[in-house]
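Trainee: Dropping the structure in here first, questions after.
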Amino acid sequence: MSSSQLITEAPAAHRRRTLPAGPALTGVALAFTSLYLAAGALTPLLVVYRQQWRFPPSLLTLAFAVYAIGFLAAVLSMGSLSDHVGRRPVLIGALVIQLASNVLFLVATDIGWVIAGRIVQGVASGAGTAAFTAALVELAPQNKKRLGTILGSVGLTGGLGGGSLLAGLAIQLSPAANSIVFAVLVVLTILGAAVVVLSPETVPRTSGALRSMVPRVAVPPTARKEFAAAAPVVAAVWMLAGLSGGLAPSMVRSVFHLDSGLLNGVAGFVAPAVSAVIGLSFARVDPRRAMTVGIYASIAGAAGIIGGVFAGSLTIMIVGQAVAGVGFGASFSAALRLVFPLAEAHQRAGVVAGIYVVSYVAFGVPIVIEGRLAGPLGEVPAVVCYTALTVLLALISLIAQIRIQRRA
């Protein structure tokens, strides 16, 4: 049975009214975007929390990075759950968890509340991302399935960037930015859940739900060479994403001595916004070529970030972040396109899990270490060491890519 047939027949089968596919697609896309708007909004707000509660840099980076723990735990255990129980139950569950995290941020009185909310937020994103992206493709018109893929990509990276920018604007305009941001997000999440409740189910229930929740991280022998060649630059671009989200907004004040909520938001906005555009633009570029472009861009972007820090120029650093965003958008999508075809259909879940592990470990762990080192070393040396490591990782992937091309 096709997804379009299932959408048509679901109201009769379940005796309930559902939205037509078009409005359902729009509503589900906005609900998905709200997940990542919330994740991005915290980026500049962490700077506000630090000013209010006077906690050390190590706690700031920890509060940012624990998102990866929640995300990984959820995506590895629940990433395939919607294939068995249906999309709607998983989407509703993810939005309910997201609502809980928004409330935690709304009532937070110290950094402990924020850390707890951030973990819950990661669980919501990890539980919902695979189900949302699949549902968007299934709800898209039969002759426009790429629209669903585009909405998923824009919702994720656009939400991260947009959340940071809008929260930065709220900080600039109001002393009650935290309350405004998360009150709005609470409303958006409730509306999103209502839309999902009214949306049609796109997959039938099947057995194996509990079995699907056992994490499986496995890269088949046929894909290991490409996976190993791509993994270092995947780690590098996710580390640079961690820098843009977890460090750059606070550096606006601590390194460049500028007190601006809007600039904090811009610092968190640029890289994900650029990566979203590049990811879509490079969708039809040969993946090997896209990978090479992405590696060089990540190296150039890291160099720009280091140059901006040394020169004391926020403009140079933001340009470096934008170039690093090119590296992310080109190389991460290329890695998926190079590795996936080498795995059989039944092996791809294990490959996806492997890519998620590399990505989110790189996103979360190094930035916590950087936060620990910022105290004894100073913030600038710690940031430079962190960014230099991304260059080393990208160079390892570049060498591996050159070897693969020579053997082809």
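The backbone N, Cα and C atoms fix where each Cβ goes, and this holds for glycine too.
Annotations in TrEMBL come from automatic prediction, not curation.
As annotated in TrEMBL:
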- 24-47: transmembrane segment (TRANSMEM)
- 24-405: domain 'Major facilitator superfamily (MFS) profile' (DOMAIN)
- 59-78: transmembrane segment (TRANSMEM)
- 90-109: transmembrane segment (TRANSMEM)
- 115-137: transmembrane segment (TRANSMEM)
- 149-171: transmembrane segment (TRANSMEM)
- 177-198: transmembrane segment (TRANSMEM)
- 227-249: transmembrane segment (TRANSMEM)
- 261-283: transmembrane segment (TRANSMEM)
- 295-316: transmembrane segment (TRANSMEM)
- 322-340: transmembrane segment (TRANSMEM)
- 349-369: transmembrane segment (TRANSMEM)
- 381-400: transmembrane segment (TRANSMEM)
Trainee: Sort out the residues at least 6 away from either end of the transmembrane segment (177-198), same chain, that have Cβ-Cβ distances under 8 Å to it, and list them.
Mentor: 17-19, 24, 27-28, 30-32, 34, 37-38, 41, 45, 48-49, 88, 91-92, 95-96, 98-99, 102-103, 105-106, 108, 166-167, 170-171, 261
Trainee: Six or more residues out from either end of the transmembrane segment (295-316), which same-chain residues have a Cβ under 8 Å from its Cβ atoms?
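Mentor: Hits for the transmembrane segment (295-316): 233, 236-237, 240, 243, 251-252, 255-256, 258, 263, 267, 322-328, 330-331, 380, 383-384, 387-388, 390-391, 394-395, 397-398, 401.
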Trainee: Is the number of Cβ-Cβ pairs under 8 Å between the transmembrane segment (227-249) and the transmembrane segment (349-369) three or more, considering only pairs separated by 6 or more positions?
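Mentor: Between the transmembrane segment (349-369) and the transmembrane segment (227-249), which are separate recorded stretches, there is contact, as judged by 3 or more close Cβ pairs.
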Trainee: What stretch, picked from 59-78, 90-109, 149-171, 261-283, 381-400, has the most CB pairs under 8 A with the transmembrane segment (322-340)?
Mentor: 261-283
Trainee: Restricting to the domain 'Major facilitator superfamily (MFS) profile' (24-405), what is the model's mean pLDDT?
Mentor: 93
Trainee: Does the transmembrane segment (261-283) reach the transmembrane segment (90-109), going by 3 or more CB pairs under 8 Å (6 or more apart in sequence)?
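Mentor: With fewer than 3 qualifying Cβ pairs, these stretches do not touch.
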Trainee: Taking the transmembrane segment (90-109) as the reference, which of 59-78, 115-137, 349-369 gives the largest number of Cβ pairs under 8 angstroms?
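Mentor: So the stretch in question is 115-137.
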Trainee: Are there residues at least 6 beyond the ends of the transmembrane segment (59-78) whose Cβ is under 8 Å from a Cβ of it, and what are they?
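Mentor: Non-local partners: 39, 42-43, 46, 49-50, 90, 111, 114-115, 118-127, 129-130, 213-215, 217, 242, 245-247, 250, 353, 356-357, 360-361, 363-365, 367-368, 370-371, 374.
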Trainee: Could you pull out which residues elsewhere in the chain have a CB under 8 Å from any CB of the transmembrane segment (349-369), counting only those six or more residues past its ends?
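Mentor: Cβ under 8 Å, 6 or more out: 58, 61-62, 64-69, 71-72, 75-76, 79-80, 215-220, 223, 227, 231, 234-236, 238-239, 241-243, 246-247, 332, 335-336, 339-340, 343, 386, 389.
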